[in-house]
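A quick write-up on the structure given underneath.
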Amino acid sequence: MKSLFEQFEIDLYCIIITRFFDISITTITVYLGLLMVIVIGMYKVSLYKATIIGGNNWQHIGEMIYEFVVDLIIEQVGKPGILFFPFIMSLFLFVLTLNVMGLIPLSFTVTGQLLVTFTLAITIMIGITIWGFRIHGIKFLNIFVPSGIEPWLLPLLVFIEIMSYVLRPISLAVRLFANMLAGHLLIHIIGVAAIYLMQFYFIGILPWICVIAFMFLELGIAFLQAYVFVLLTLIYIANIINLH
Amino acid sequence: MKNIVKIEQLELASAVVELGKKVGAGLAAIGLTGAGAGVGIVFAAFILAVGMNPNLRGELFKLAMLGFALSEAVGLLALMMSFLILYS
């Protein structure tokens, strides 16, 4: 039996190293290209025979995701957050499509790599910090000072706030990564157990029903984690807009 | 003759390392009890709240899902530690 972590190994298909950049083609590159084809193709198809009244099923899927993201932004941030709509929509489709693509048997999970999720999270946090300085100026530092507390407690609370702000990208990245990793390892272990139990014919297909149930659970977790990733990004944006 | 290491001693040393890894991984998985209790509390509170006020079911379900994901992620950190000890 091969190692449990075999499904997370990255293969190197083509080595391209220029003087300043390493743009080699790996499994991650191939899956990101496939992601672009799937998302753009889905929206092209949903716009193919689109009508204003009525419409076909593909159009309904596209409109459903659009309205879901818009409602989420209006509910969490309010009117000024609609500035972030293109970013939030592409983030949601990115994480959701990669999670669901990883559930296809024998495929590779891109969001199961800490590299990918941490790059996403640190980019988001640096970007919204720069944006906060642009809209608030130096008053942005008020985010670290909670209001309505005693003066002698202030240094401790400012320290705690700064620590929680710095640890946000790490918690955002590790949450998605750990969920994907643990879920796929669980499916792998249950699948190996089901194959082993096939030699006892009297058990029947009970282990395979168990595998299918866990696959549905993983499908639910894939949607839930994409939703939570976007929701926490929106909560951080709302925190910066309102400044306590 | 003092400095010669016998093969039995090497085998014993690697066996002790293997034993330590397995016991450590099992101990690290104890942290999942807290995550299980946390998820149970989240859904218990959700059921109680819906029982008291069924009109708010849609909003409360979103909050319950958020709490479920947040508390489950903490438990998965313990599981990650266990895998990290076992396979590295």
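Backbone N, Cα and C define each Cβ position, glycine as well.
Owing to the predicted nature of the structure, the values given are computational and were not obtained by experimental measurement.
What Swiss-Prot records for B:30-50 (among others) is transmembrane segment. Listed by sequence, the residues of this chain that lie at least six past the ends of the transmembrane segment (B:30-50) yet keep a Cβ under 8 A from its Cβ atoms are 56-57, 60-61, 63-64, 67-68, 71-72, 74-79, 81.
Residues or ranges marked as transmembrane segment in Swiss-Prot (evidence: sequence analysis): B:66-86 (among others). Distant neighbours of the transmembrane segment (B:66-86): 21-22, 24-26, 28-32, 34-36, 38-39, 42-43; these residues of the same chain sit at least 6 beyond its ends, with a Cβ under 8 Å from one of its Cβ atoms.
Sequence annotations record features per position, and here Swiss-Prot assigns site 'Reversibly protonated during proton transport' to B:GLU72. Around B:GLU72 (site 'Reversibly protonated during proton transport'), taking its Cβ as the centre, 22 other Cβ atoms fall within 10 Å, counting all chains. Following the DSSP three-state reduction, the secondary structure of B:GLU72 (site 'Reversibly protonated during proton transport') is helix.
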